[in-house]
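> Provided herewith is a single structure, encoded as structure tokens, for subsequent inquiry.
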């Protein structure tokens, strides 16, 4: 961990305020996934504590335990040094913990004052002028100007958030959680919120700031903790942040977010270059592809993948990777450009026709779209073959053929299941992934898209899945590997493309300095 | 080797588990029924009616008297077709609550054209054409909700309920203004002659509509559980995103489900006309569809169980008409029992889910 790195000894003796909330070994499990794995963390008064991590890294779970929405399965939560569970949102408010979300929680048709009086008992008359005065005092204290009589709906999102923070202060909050509060803001409003955070910390509040944006984390944070796959993988202490300049700090954080294992150790993990035949015709060509996705539109994507090659797609989550996979598989429409598979255009074909041509898509949304949770495993294995021989004849189900197929796949892919009739939703995450792999890799696959294939899996299943990916390429298929794990990409891919805001920032060969180049492309240094 | 032994032991445990599951299902289905009767009895006591004598009349008439049983079985025909219509839709995750309008629109067009045709063609052709007309118009009445749902994602619960208001009004407007029988003063359609109606069974008064209903619901059950088409529909109902991911033509399947469901509801109206009533009177609306919805839920969308619950409902609604005359309890009381049954069902679902959670 960087905090304990011997070369950066903390010279200043600890004069920090005592922590308001302390997590000790806090663990939260959901079926098939460990959302938070024995997290140790301290949230101190007068500090902006930034939580960084990919989607699914466990930030939301951590916040929901802080705000009393969820209870930990293991470990202790200490409030002011005393063990005390936060058993409900009301209790969190009593302790002084307030949360501001990215979407405003104020009633748009009411004025700010009316919103502030909402928490009262129903028989009490709302004291509008008194509340307005209290509100203005609180706002002045933190350097915010607001008109308590303004109708909430007329204000910008940034102003509404300031009002929410003011309201939290009026209620005696001393611990403020800003859950991706800058995600929807304009850059100006975001900067203003950042300044406000600094002032709140100066007032002695504890601020927890959750964000995706590295520059914000470095600019406003006193302390940064990085979560990855439910674990706290490290962070920067206040001393680190003071001693490093912004670029160095950003680099450190990128390294933490995407893996920091010794670079030389992965040398023997280099991909097998002999499988790639770049003399042959490419299996997949993407030509000037555009797609109007609602959140991240794809623009001008262009790349080729040769038979036997693994093309890694790196990038911070939510930069268009999912949209790219959906567009290639035919699940999302494209607005311009062409997709060529084995020399034939496939961009006008349906999902089923693309699959028939050998395009396979292993989705990361295993229960959301990959399977029907309530259906038996044996049926889920054939979800994309419904009606085909020999499992259906003349439209009629052939139970024996379906069972035989399932038994064979259980053996071939080492799927651990109580029975082939078990609903797939009851299996562990690793075994659901094996069901998907068994379904997508059977038959003649020409191009396989793996989207975050090892996300949420344990170590054994990770290495089994990575072995499948290698085998797929060795068997002559072109592989697109979308991952947010840089180490995984470096050990598997022949080339790595970096996606940024729906475009490709660059494609690098997987050579010695690939890690460095990718890091630069990701943190936006090389533009 | 380990895989083989695993499946073997799984198979021996299977039978036990299956028995357990069956007894569980029975308890979950019949428990609420028993509780609903007890609670309805309490309400009768409050109304100062002896529940034993009330239910004595209900079952005495609906189940034990010869004419009552025949009426019960005749009514089951259209009800079973409605149940089939609902099972197709609900299993595919489409909440078609517009069955009452689909039923009436089907019935009105069937009653309008069949009596005109009947004198000129063999009986069986007349009946076949009448049934086809009812099914087609029932299906047509689902078109608007179907396309709105399939291509615009509009919630079909709202649209089908709205189409109910339109369809029920349209049916009575058509009877009063367009399909009016010129030979009577009562606003009603022409009446289909008794000899041109669906034949009765084995010299009784039971309409052969019962057979049509039974065949329909069993066919639907078979289609949904054993065919590729039914599985596709269930995938759409089970997880629409997975259906898209698997490359199923979700909008087309959605329209198909609406069409099949509407056709069965319309056919139900046709069978009621061709088998029992012979004509449609203005403002007639038996409201079968919304009454069958809770029964289909009680049956957990299972065709065989639905036959049982439809039978029970049929007995109660026929019996209640007679009990109403003797005890003064209006025959709407059947709906009170069904309403309580629904609440009991919800409670048993809640505890079932809770127990499953604790068990797992």
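Here the Cβ of each residue, glycine as well, is placed from N, Cα and C on the backbone.
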> To which of the residue ranges B:4-25, B:26-47 does TrEMBL assign the term transmembrane segment?
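Matching range for transmembrane segment: B:26-47.
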> Do we see three or more Cβ pairs under 8 Å linking the transmembrane segment (B:26-47) and the transmembrane segment (B:160-180), pairs being at least 6 apart in sequence?
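Answer no: the transmembrane segment (B:26-47) and the transmembrane segment (B:160-180) share fewer than 3 Cβ pairs below 8 Å.
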> Please indicate, using numbers and ranges, the residues of the same chain that are 6 or more beyond the transmembrane segment (B:101-118) and have a C-beta under 8 Å from a C-beta there.
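For the transmembrane segment (B:101-118), the sequence-distant neighbours (Cβ-Cβ under 8 Å, at least 6 residues beyond its ends) are 78, 82, 85, 126-127, 129-131, 133-135, 137-142, 163-168, 170-171, 174-175, 178-179, 189-193, 196, 261-262, 265-270, 272-274, 277-280, 284-286, 288-289.
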> For the transmembrane segment (B:244-277), which partner among B:67-89, B:160-180, B:200-223, B:297-320 gives the most CB pairs under 8 Å?
B:67-89
> Is it true that the transmembrane segment (B:67-89) and the transmembrane segment (B:160-180) have 3 or more CB pairs under 8 Å, sequence gap of 6 or more?
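No, since the transmembrane segment (B:67-89) and the transmembrane segment (B:160-180) share fewer than 3 Cβ pairs closer than 8 Å, they do not count as touching.
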> Are there residues at least six beyond either end of the transmembrane segment (B:200-223) with Cβ under 8 Å to its Cβ atoms? List them, or say none.
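Same-chain contacts beyond the flanks: 67, 70-71, 73-74, 76-81, 83-84, 87-88, 229-230, 264, 267-268, 271-272, 274-276, 302-304, 306-307.
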> Who are the long-range neighbours of the transmembrane segment (B:160-180) in its own chain, taking Cβ under 8 Å and residues 6 or more past its ends?
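Cβ under 8 Å, 6 or more out: 95-98, 100-102, 104-105, 107-108, 111-112, 141-142, 144-145, 187-190, 280-285.
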